[in-house]
Amino acid sequence: MKYIGAHVSAAGGLDQVIFRSKELGATAFSFFLSNPLRWNLIQFRDETIKKFIFLCKKFNYVSDQILPHSSYLINLGHPSDEHLKKSRLLFVNEIINCKKLNLSLLNFHPGSHLRKISEQHCLIRVADSINFALQNTVGVKLVIENTAGQGSNIGYCFEHLAQIIHKVKEKDRIGICLDTCHLHASGYDLKTELGCRQTFKAFNDIVGLHYLSGMHINDSKTKRNSRIDRHHNLGQGYIGKSSIRWIIRNINFKLFPMILETTNNKLWKDEINWINSL
């Protein structure tokens with residue numbers, strides 16, 4: 001069995017996330033805990049929480065299969081102390097909501113220096129923000145997503161991820177989500193089997209495969225090392241199905257959520273079926 005699904009819409013309520021995932025035949029799913037483009041601190045009603053937990057049990061989804069995504073507005077490395085505090089508070093709010101929903105993972109983007117501080121300074125601020133969040137919450141693993149290196153985003157290389165983890169105090173509550181499109185766009189070679197082997201060997205050597213807690217399985221509309229984050233459906237971009245096949249067969253050595261964020265959601269069911277056939 002594989003934990004494979006998609007990032008589905010929560011429009012209409014959190015319960016719809018589960019229904020939509022079940023309709024896809026998914027054994028994993030991702031969703032936004034709240035509107036990803038608003039700063040609102042969300043407090044779920046008790047009935048919403050109870051219904052979500054009930055439906056997860058009814059349809060046999062456990063927390064290891066669910067990889068919720070944090071708000072796009074959160075920047076844990078923000079150069080402004082005022083905006084950094086705002087990001088930290090929203091991040092903690094999302095972690096608390098994960099715990100209330102019986103979820104054990106939260107996927108997030110590390111942050112951006114906005115060309116106002118150095119990458120190293122930004123990495124330190126991200127690690128400090130993670131430590132702040134861990135100190136003020138319990139029970140949820142924080143899963144850092146690698147980035148494409150677009151704009152001033154950090155986290156586009158394994159060295160960045162390793163530096164952040166090195167400064168995190170509760171290492172049992174930190175993990176990594178590798179996005180295949182982001183790997184490709186940031187310069188890692190996923191086009192050939194040899195390239196895939198070398199890329200994941202480098203990840204193991206620099207970060208450690210034991211930190212891998214999820215993956216986003218996407219093709220890319222842009223060429224390798226473009227530093228442009230544009231997802232594509234599997235086999236329709238510059239990565240190709242053969243590389244995705246190798247990753248699915250060789251990297252998912254332990255069960256963790258593999259989430260599609262491909263552009264045409266009408267193809268999700270077929271993509272899930274294809275991955276499950278491997």
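In case you wondered, yes, glycine gets a Cβ from its N, Cα and C as well.
Of the residues His182, His184, His210, Swiss-Prot places His182 in the same Zn(2+) 3 site as Asp229, His231.
Site annotation (Swiss-Prot): Zn(2+) 1 is bound by His69, Glu145, and the candidate from His109, His113 recorded at this site is His109. The Zn(2+) 2 site recorded in Swiss-Prot comprises Glu145, Asp179, Glu261 together with one of His121, His216, His232, namely His216. Neighbours of Glu261 (Zn(2+) 2 binding site) among the binding-site residues His69, His109, His182, Asp229, His231, defined as a Cα within 10 Å of its Cα, are His231. Candidate binding-site residues: His69, His182. Fewest other C-beta atoms within 10 angstroms, His69.
Within 10 Å of the C-beta atom of Glu145 (Zn(2+) 1 binding site) sit 21 other C-beta atoms, taking all shown protein chains into account.
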